[in-house]
Amino acid sequence: MTQRRAMLILHGKQALNEDVRDAVADKRKQGWELDVRLTWEAGDARRLVGEALAAGHRHIVAGGGDGTLRDIAEALALAETQASLTILPLGTANDFARAAGVPLEVSKALQLMDVAPRAVDLGEVGGKLFLNMATGGFGSQVTANTSEDLKKVLGGAAYLFTGLTRFSELHAAHGELTGPDFHWRGDLLALGIGNGRQAGGGHELCPTALADDGLLDISILPAPQEVVGTLRSLLEGGLGIDNMFIRTRLPWVELKSAQGLDINLDGEPLSGEDLRFEARPGALQVHLPADSPVLSRAPMLNRPD
């Protein structure tokens, strides 16, 4: 059997994960030469990707959460390599993996190493790359003291509003978004710019996004003139806020906000008053299920090893 080589770059907190240890042993029995390296601090993922490529590896496995996945995907894209990526979701949210249909069971996720890779896009902003989504709002995760009423009415945008306990605490940011044949300006409560579909642990801000269409899905949650009253009316009427989103797909979009807007790139913070988001089509080869919901195009022929 021809031996196949890969490097698993594993988040340091997963070093003692017995499921990972067993699955790695199984892959080795199947003929894989699978090296394992651990991340410890910021910058390790990029360094380890560089070491893997220098050692001749053409296949990287990202073992961790959405942040680890973003770091490794960015490093591979910046290296301008045709090395491919398998996703081993070990985080809390695993948003891109879940939306893409990647199994959460370790052994099943590693079975994708034997599936032909597909070309997927990345998003780029401010010199940073992201695989899943850029979100803007009032925080990156919902907290325990966010009231259940607020969670119910905010729906997919709930996690953007950190620590809010009353409708009266909501406030909007003024922003302007411009792209090809698209212009929107006004007050917004939340924003999602997605290559993937969900963020914050399963909240679908861009529910129909495709990772291989060369486009970014834009979801804007505009702020009604009377925020508190409108949200209360929606809640009392049994409706959520998801149907208020303005959505479009663009190859690029420029975001301007005089007071600045805090952006979260799969866990990586970014802020600015003038940001340009672009899709980088086919920037990464990723091993995904053949029926992955985020894929649209027919699979490419297998590349020779």
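Residue numbers in this text run from 1 along the chain shown.
The backbone N, Cα and C atoms fix where each Cβ goes, and this holds for glycine too.
Per Swiss-Prot, the features are:
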- 1-129: domain 'DAGKc' (DOMAIN)
- THR39, GLY65, ASP66, GLY67, THR68, LEU69, ARG70, ASP71, THR92: ATP binding site (BINDING)
- LEU210, ASP213, LEU215: Mg(2+) binding site (BINDING)
- GLU268: active site, proton acceptor (ACT_SITE)
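Annotated features taken from Swiss-Prot, shown on the structure.
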residue: THR39; record: ATP binding site; CB count, 10 Å: 23
residue: ASP66; record: ATP binding site; CB count, 10 Å: 28
residue: THR68; record: ATP binding site; CB count, 10 Å: 27
residue: ARG70; record: ATP binding site; CB count, 10 Å: 25
residue: THR92; record: ATP binding site; CB count, 10 Å: 10
residue: LEU210; record: Mg(2+) binding site; CB count, 10 Å: 22
residue: ASP213; record: Mg(2+) binding site; CB count, 10 Å: 19
residue: LEU215; record: Mg(2+) binding site; CB count, 10 Å: 19
residue: GLU268; record: active site, proton acceptor; CB count, 10 Å: 16
Cα-nearest neighbour of ARG70 (ATP binding site) within the listed recorded positions, ASP213, LEU215, GLU268: GLU268
Nearest-integer angstrom distance between the alpha carbons (Cα) of THR68 (ATP binding site) and GLU268 (active site, proton acceptor): 10
THR39 (ATP binding site) to GLU268 (active site, proton acceptor) - Cα separation in whole Å: 16
Other residues, Cβ within 8 Å of LEU210, ASP213, LEU215 Cβ centroid (Mg(2+) site): ASP121, ALA209, ALA211, ASP212, GLY214, LEU216, ASP217, ARG249, ALA279, SER296
Entries of ASP66, THR92, GLU268 which, being recorded positions, have CA atoms within 10 angstroms of LEU210 (Mg(2+) binding site): none
ASP66 (ATP binding site) and ASP213 (Mg(2+) binding site), distance between Cα atoms, whole Å: 21
Pairwise Cα distance for THR92 (ATP binding site)/LEU215 (Mg(2+) binding site) [Å, integer]: 27
Extent of the ATP binding site in Å [max Cα distance among THR39, GLY65, ASP66, GLY67, THR68, LEU69, ARG70, ASP71, THR92]: 17
